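**Q** Below, the features straight out of TrEMBL:
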ACT_SITE  D318  active site, proton acceptor
BINDING   K25, S26, R30, S170, Q172, D318, K345  3-phosphoshikimate binding site
BINDING   K25, G98, R126, Q172, R349, R390  phosphoenolpyruvate binding site
DOMAIN    13-423  domain 'Enolpyruvate transferase'
Amino acid sequence: MNEQISWVSHAARSLRGSVHVPGDKSVSHRALMFGALAEGTSRIRGFLEGEDTRATAAVLQQLGVRIETPADGERVVHGVGLHGLHASTDPLDCGNAGTGMRLLAGLLAGQAFDSILIGDASLSKRPMRRVTNPLAAMGARIDTQDGLPPLHVRGGQHLQGIRYELPVASAQVKSALLLAGLYAEGETEVIEPHPTRDYTERMLAAFGWPIAFEPGRAKLSGGHTLRATDVDVPADFSSAAFFLVAASIVPGSELRLPAVGLNPRRTGLLEALRLMGADIRVEDPRESGGEPVGDLMVRYAPLHGVELPEALVPDMIDEFPALFVAAAAATGRTVIRGAAELRVKESDRLAAMATGLRVLGIVVDETPDGATIHGGTLAGGTVESLTDHRIAMSFAVAGLVARAPVRINDCYHVATSFPGFMQLANRCGFALGLAD
Ligand code: S3P
């Protein structure tokens, strides 16, 4: 793996055109897992060809699931049924994907065999007790390295449903418990401090598993079966986010982003940018595969700083790196609070963005759970992505409005969620290239 790839992003004139961003990462992971556990054959369209989701596909193949790739962005999953997985003699490598590892921990806790889940350097530093503790309360046995991966999941345990109140809003933890709940005796109920993305709940229902859910709460019981179903994956709002910010800050820009997933638990950035003065319209709102989607039209508009409402944080948890760039290019200060979770993502995103923006001449006051960003003029410079895909893409956007080129180190991991970002970006007017 060549992590040494660096990018240089140059100032650009207006951005124009139509940008088709790739499929949703969260939906793609889940479609593979439920397809694998279902009876029958499921076809996934719009599948994200990212490293993260491919890692999950490879893990399921190691566990005995046949998965075909009839075309780019398509998978045919031959389900083996709830009890049809086989042990793998090799460790299961989730790569960079927290979603993959945490959801698989729940799924594997209910199997008759042992498994070992491993990840790359970044994933190996991410906290796992948030899933292993409640899973242990259900009767699972999962060994960690002081709360970090690798996870050694012991099979053959008797799982018992629980009622669990999540201490932090996390769709990954909720989903891990619901997956274990498929194998548990009795009811598993998860209650969240703030509603999070509900793809697991919606997809379980689509695959025919009885589940009761409403924002902030989900309940199911074990002992049913999943029926294969086809899944249409919408374009990933988190990938669209970079273009929403880019077009908002580069004068004269106008971009169209077709068929983007608009699950309300994902679109906090839309609201945040609008509060800052952005001009973003949703056209042709519709449903696709049980999910709200729409075409996003974004035009340049001068942005101003805001005190970000804390209630928006969980609905834009992956979009903060992009928001930092919008705030840096806005007039006035933007205050972020209640976002301590950003410290345990693919990198410490509060520190990564604050440090990088300071290199580019922006004043950022970092706090334990947020930051105050003082908008200003961006200079050029060299910033570190810390191998975090979203940090890399955010600084590529920052380069569009910087006075001199912005060099971004370690951009390899962009392929985890957004393969082809550079080409797509350059097609609509970015001036992004590889550094020497
Ligand atoms: C995800 C949940 C979020 C998000 C991640 C994807 C999911 O993580 O940051 O990119 O697919 O469930 P948390 O559950 O840690 O908030």
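The backbone N, Cα and C atoms fix where each Cβ goes, and this holds for glycine too.
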**Q** Which number gives the other C-beta atoms within 10 angstroms of the C-beta of Q172 (3-phosphoshikimate binding site), all protein chains shown included?
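**A** I get 22 for this one.
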**Q** Could you state, as a whole number of Å, the largest distance between Cα atoms of any two of K25, G98, R126, Q172, R349, R390, the listed phosphoenolpyruvate binders?
**A** 19
**Q** Taking only the Cα atoms, work out how far Q172 (3-phosphoshikimate binding site) lies from G98 (phosphoenolpyruvate binding site), in Å, as a whole number.
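**A** Just about 8 Å between their Cα atoms.
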**Q** For the domain 'Enolpyruvate transferase' (13-423), report the average pLDDT of the model, please.
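**A** Mean pLDDT for the domain 'Enolpyruvate transferase' (13-423): 98.
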**Q** Between the binding-site residues R126, R349, whose Cβ has more other Cβ atoms within 10 Å than any of the rest?
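**A** It comes out as R349.
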**Q** State the count of C-beta atoms found within 10 angstroms of the C-beta of S26 (3-phosphoshikimate binding site), not counting that atom itself.
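**A** S26 (3-phosphoshikimate binding site) is surrounded by 26 other Cβ atoms within 10 Å.
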**Q** List only the single closest residue to R390 (phosphoenolpyruvate binding site), chosen from the recorded positions S26, R30, S170, D318, K345 by CA-CA distance.
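**A** Going through S26, R30, S170, D318, K345 one by one, the Cα closest to that of R390 (phosphoenolpyruvate binding site) is D318.
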**Q** Can you tell me how many other Cβ atoms are located within 10 Å of the Cβ belonging to R390 (phosphoenolpyruvate binding site)?
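**A** There are 28 of them.
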**Q** Which number gives the other C-beta atoms within 10 angstroms of the C-beta of D318 (active site, proton acceptor), all protein chains shown included?
**A** 23
**Q** Could you check the binding-site residues K25, R30, K345 and say which one's CB has the fewest neighbouring CB atoms inside 10 Å?
**A** K345
**Q** Around D318 (active site, proton acceptor), which of the listed binding-site residues (K25, S26, R30, G98, R126, K345) come within 10 Å, judging by Cα atoms?
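**A** So far as Cα distances go, the binding-site residues lying within 10 Å of D318 (active site, proton acceptor) are K345.
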**Q** Between G98 (phosphoenolpyruvate binding site) and K345 (3-phosphoshikimate binding site), what C-alpha distance do you get in Å?
**A** 8
**Q** Identify which of the following recorded positions, namely R30, R126, D318, R349, R390, place a Cβ less than 6 Å away from any atom of ligand 1, and list them by sequence position.
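**A** Only D318 qualify.
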**Q** Between C-alpha atoms, which of these binding-site residues comes nearest to R349 (phosphoenolpyruvate binding site): S26, R30, S170?
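**A** Of all the candidates listed, S170 is nearest in space.
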**Q** State the three-class DSSP label for R390 (phosphoenolpyruvate binding site), counting H, G and I as helix, E and B as strand, and everything else as coil.
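**A** The three-state answer is helix.
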